[in-house]
Amino acid sequence: MASETEKLLCLNTESAEIPADFVELLPPDNIGDIEAVSLETSVGQTIEVYGDVGVDWAHGSQYHSPVIALQPLVGSSLSSRDHDKEMFVVQTREEEVVGYQDSDNLLFSPEFGSQMVLPVNEDDYLQPTTASFTGFLAAENGQGELSPYEGNLCGLTTFIEAGAEESVNADLGDKQWEQKQIDGLDGEFPFTMWDDVNEKEDPIAEEQAGESPPDYSEYMTGKKFPPEGIPGIDLSDPKQLAEFTSMRPKKPKGDFPRPIACSHKGCEKMFKDNSAMRKHLHIHGPRVHVCAECGKAFVESSKLKRHQLVHTGEKPYQCTFEGCGRRFSLDFNLRTHVRIHTGDKPFVCPFDACNKKFAQSTNLKSHILTHVKNKNDQ
């Protein structure tokens, strides 16, 4: 495949015709070695010819670009009268053979966006063209567009850079990204990942979702119901009443920091270290341990073994108070039983003007039903 390297020579004239003595234009033989040469024109203007050293975009090597650049016209600014002048652009082409085997792939690489270089007619080695000076300035200022289809490759670099920038912007889209640090477990290094800012949840919604449910257990230990009752809870519903009376007071947290969050989605619990977090993760696991007698499933095998004591009738837990000796299958039942001996009645009726206390939550639940029934009958 052959590519075209162009040489431009721009002549400013006052008339719209090429001078008669301008018959043939030959490029200098060693233009790459020329740093700056002053030329005298017929109108007394001085122009300079530069040898531009750049990088060959096809081969990836340096080369001396055969581009002839002209000095600006007389005057720092152009008047409206100068804009109407016409400028002759004489383009000379020098053919060189490109031996790069993947040149086709390079020309149509995504780095160049939607731009494409078309081959030109090899017979047209000299093409005089005319262009309006106003249009030329507009193209240089970005208001116009130099089309590669017109045979002008001077703006090829600009097209390539613009196409590459548009390609990158198209890949990024409108999304915004930020780096997020993820802490690893013991023996693992923390790693960084990219997080989409647009897909972040609303901080207010996260805060509301992370809020723990109200602690109603205090109504079981002495706090009285408000006159309007508890919003959202109907104690006349047996299911809601059972959930209400089964609430346990939350254990007070220690003063030590808890920087490790549970990795399970929807769990807001925090832990002091990774080992505590891994131990907690078991409750989120599948309940693969199923009781053969009743079908109740458990996460841990130890919980299943403890449950099976109910079916086997084994009662390893015995009351130690003198003269009692009762035995129980579960330690929880033993702790509840001990309150009978100690006289501890932690469960207090939450209704106003009623101060009855109970040793077991089930007894308090039955007592609350009497209040609800009497209130509905009134």
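Sequential numbering from 1, following the chain as shown.
Glycine is no exception: its Cβ is also placed from the backbone N, Cα and C atoms.
In Swiss-Prot, the zinc finger annotation falls on 317-341 of the listed ranges 117-141, 142-166, 317-341. For the ranges 13-35, 289-311, the feature annotated in Swiss-Prot as zinc finger maps to 289-311.
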